[in-house]
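Engineer: Sharing the features that TrEMBL gives for it:
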type: TRANSMEM; residues: C:6-30; note: transmembrane segment
type: DOMAIN; residues: C:13-87; note: domain 'Glycine transporter'
type: TRANSMEM; residues: C:37-55; note: transmembrane segment
type: TRANSMEM; residues: C:67-86; note: transmembrane segment
type: TRANSMEM; residues: C:98-117; note: transmembrane segment
type: DOMAIN; residues: C:99-170; note: domain 'Glycine transporter'
type: TRANSMEM; residues: C:123-144; note: transmembrane segment
type: TRANSMEM; residues: C:156-174; note: transmembrane segment
type: TRANSMEM; residues: C:180-201; note: transmembrane segment
Amino acid sequence: MVGMDTAHLLVRVLDLVGAFVFAISGAMLGSRQGMDLFGVLVLAFVTAVFGGIVRDLLIGAIPPAAIASWHYLAVAMAAGLLTFWFHERLDRLRHPVLFFDAVGLGIFAVVGTQKALDAALNWPMAAVLGMISGVGGGMIRDVLAARTPVVLRSDIYAVAALAAGLVVVAGFYLELPESLVTLAGAATCVFLRMTAIYWNWRLPSVKPPE
Amino acid sequence: MVGMDTAHLLVRVLDLVGAFVFAISGAMLGSRQGMDLFGVLVLAFVTAVFGGIVRDLLIGAIPPAAIASWHYLAVAMAAGLLTFWFHERLDRLRHPVLFFDAVGLGIFAVVGTQKALDAALNWPMAAVLGMISGVGGGMIRDVLAARTPVVLRSDIYAVAALAAGLVVVAGFYLELPESLVTLAGAATCVFLRMTAIYWNWRLPSVKPPE
Amino acid sequence: MVGMDTAHLLVRVLDLVGAFVFAISGAMLGSRQGMDLFGVLVLAFVTAVFGGIVRDLLIGAIPPAAIASWHYLAVAMAAGLLTFWFHERLDRLRHPVLFFDAVGLGIFAVVGTQKALDAALNWPMAAVLGMISGVGGGMIRDVLAARTPVVLRSDIYAVAALAAGLVVVAGFYLELPESLVTLAGAATCVFLRMTAIYWNWRLPSVKPPE
C-alpha cells in the first residue's frame, strides 16, 4: 500500500517535472518568434499539456487531468515566466535542457501508456497513446508556430517514447511491480534519446532533409 | 424565474451574435487568401464554433452545443455567404467589425467560464476555459490559413477574455445575480479590448514583432 | 439479420479500405517533404483516422473506433511502409489513387453520417459530421505539413462528401435499406468527385488561386 502510494506520488511529481520542461521548450520557441508575454505563456501551457489532454479525451478521462487541477497551469506559467525573463541564459543550457526534455518525454510516455492500459485499451494502441502523450505537446507547439513539427522530420524522438510505452506494456502483461516498470520505461526512453543525440542517429527518409 | 429565463435567452442570443461576428472574421481571411466558396464557409463555421467545441469536449458536455443544434451552422453559413458576396464593403467596416468582435469575445469568454463553473471545474481553469472559448476560433482560423495565430503575437486580446472570465469567477463566489455578472464580464472585455486598440497597448515581448 | 451483418461487414471492410487509401495520401506527402520513416508513418496514421476520431469525440463514441481496435493502426502502418518503399512507383499511379481516394472519401462520409444519425444528432449536423469524417484526415495532414489544407482551396472535394451525407440522411428518413443507402451515398460521392476532376469543376472564389 505504502509502495503503491509512493509510486503514484513519484509519478505525479515526475509528471509535473515533465510538464515544466515541456513548458520551457514551448516558451523558448515563442520567445524566439517574437510572441508577446501572453503568447509565450500560452505556448508554454499548450506544449506542457496538449499530449496528455488528447490522450485523456481519447480514453474518456474527462475532464482531462491537466484541466481538472490547476497544478499544470501553475507549473506552465512558472516555466513560461522564467523562460521569458531568462531566455538568453537558457539558450546556453542546451545540453541540460535536452536531457530534461528526454526525461519529460519518458515520463509522459510511461504515464500515458499506463493510463491507456488502465482504461482497458488494447496494447498496441496503449503504446501509441503513450507516445502521443509524449510527443503531442511538441507537435502542437510547432503547428502554432506555423512550422512542420520537428518530431516528424528529426532524430529518434518519438521512437524513444514508443519504446518506453512498449516496456510498460511488457511489464503490465508480466505483472511486474508498477514502480519498477515506470523507472525501466522512462530510463529506456532517456537512454535511447541521449544515445541518438550523441551518435546523431536518424531514421531513414526518402530524401535527405535540407 | 422569469429573470433567469430572460438571462438565459439573452445569453443564447448574444452567443449566436458572437458566432456570427467570429464567422465573418473567418470568412474574411478565407476570402482574402483566395479560398473557394466552400473553404470560406468552412473557415466561417470553424472560427465560430471551435473555441466552444474544445471547451465542451474538455468539460464533457457531449455532443457540444455547436453540434447538438443546427443554429450555429446556419448562423455561420449566413455570415460566410454575406462575407463572400460583400467582402469588399466589409473591408471598409473595420471599426464596427473590431467592436462586434470584442463583443463576441466577451460573450464567449463569459459563457465559457459559466459553463466550466457549472461543470464543477476549479476557478483558475474555469477562467482559462472561458478564454479558450473566446480565442480558440481565431487560433484554428489562423492555423488553417497556415500562419501563426495573431492572438499569440498581438495586442491585448486574450487578456481581455481572461479578465471577463475572472469577473465571472468573482461573481460566482460572491453569488451575484447571473445576468448582472454576464453583463459586467462582457463589458470588462469590450472595454479592455477597445481601450487597448485605441491606445495601442501591447504586452511585452522578447524581441519586437517585425 | 444476415443482410444486416453482411452490410455491416461490407461497411467495415470498406472503412479499412478507405483508411488504407487515405494513409497512402498522408505517407506520400510526408515522403515528398523529406520526413523520416517515423514521420511518414505518423502522417499515414493521422490522415487515415483523424476525421473519424473527431467525429467520434463529437458524438461521444469514446474510445473512438480508430483507437479501440488496432486494425486501423495496422492498415495505416502497412500503407505507410508500402508508400515509403515504393513512393516513386506510386507517383505514376495518379489516376487510380485519385479514384480510390474518392472511394475512401465516399465511404467515410457515408459511415460518418450513419454514426451521427445513430447518435440521434439533427440531420444537418449529421451530414456535416459525415463530411468532417471524410475531409478531416486530409486537413490535419496538410496542417502538419505546414500548408493550407487543399480541401479549403481546391475543386469539388468536400462538397462531394457532403452530398454523400445528404443521400444517407434522405435514405434514413425514407427508411430505405441501409446497404442500398450506403452504396448510393458512396456512389454519389465518387461520381461527383470524378466528374469534377474530369471537367475541372471548381467552386467560385473571391480571387483566383495563384
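Note: Cβ is positioned from N, Cα and C throughout, glycine not excepted.
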Engineer: Could you count the residues of the domain 'Glycine transporter' (C:13-87) that DSSP puts in helix, in strand and in coil?
Structural biologist: 64 helix, 1 strand, 10 coil
Engineer: Other than its close neighbours in sequence, what residues sit by the transmembrane segment (C:37-55), given a CB gap under 8 Å and a spacing of at least six beyond its ends?
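Structural biologist: Hits for the transmembrane segment (C:37-55): 19-20, 22-27, 29-31, 61, 64-67, 72-73, 75-77, 79-81, 83-84, 108, 111-112, 115-116, 129-130, 132-141, 144-145.
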Engineer: Restricting to the same chain and to residues at least six past its boundaries, which positions have a Cβ under 8 Å from a Cβ of the transmembrane segment (C:180-201)?
Structural biologist: 7, 10-11, 14, 98-99, 102-103, 105-107, 109-111, 113-114, 134, 155-157, 159-161, 163-165, 167-168, 171-172
Engineer: Average pLDDT across the domain 'Glycine transporter' (C:13-87)?
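Structural biologist: The average pLDDT of the model in the domain 'Glycine transporter' (C:13-87) works out to 89.
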